[in-house]
Amino acid sequence: MVRTKADCAGSSSGSYRKAVAARAPRKTFGSSSSGSNHDTSPTGKKSECKYAGGNPVCVRPIPTWQKGIGDFFGSPSTSQPEKENRIPSDDEEAGGSGAGKKPRKSRPLPPDPSEEAADSGDE
């Protein structure tokens, strides 16, 4: 049998080194002695990120039919309450999935001719 480095991993005589994950270097904004001036730019205005969002290469106009993100994340007080969270009215059943369906009247099943023949044959 041939021994490999994987076989010798448990022994201390092999020249096996455990893989260690490396860390990426941290970005430093200015010098470490800058103090509390790191939150504002030298001009006094709040600096904006160069790539704040969207496509920086080809800026395209937003179509008129596109909804804003506020429509999706609006506060619940401005939007209508959801159907699951409101109390059902008198004409609407709780848990019913059919909106506008008329309730069906229950009626007995018509007698099955094969059962009648079996019942009369036994007597």
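Here, residue 1 is simply the first one shown, and the rest follow in order.
For all residues, glycine too, the Cβ spot is worked out from N, Cα and C.
Looking at 2-13, 26-37, the range tied to motif 'D-box' in Swiss-Prot is 26-37. According to Swiss-Prot, the feature motif 'PIP-box' maps to residues 66-77, out of the candidate ranges 54-65, 66-77. Across all of the motif 'PIP-box' (66-77), the predicted model scores a mean pLDDT of 72.
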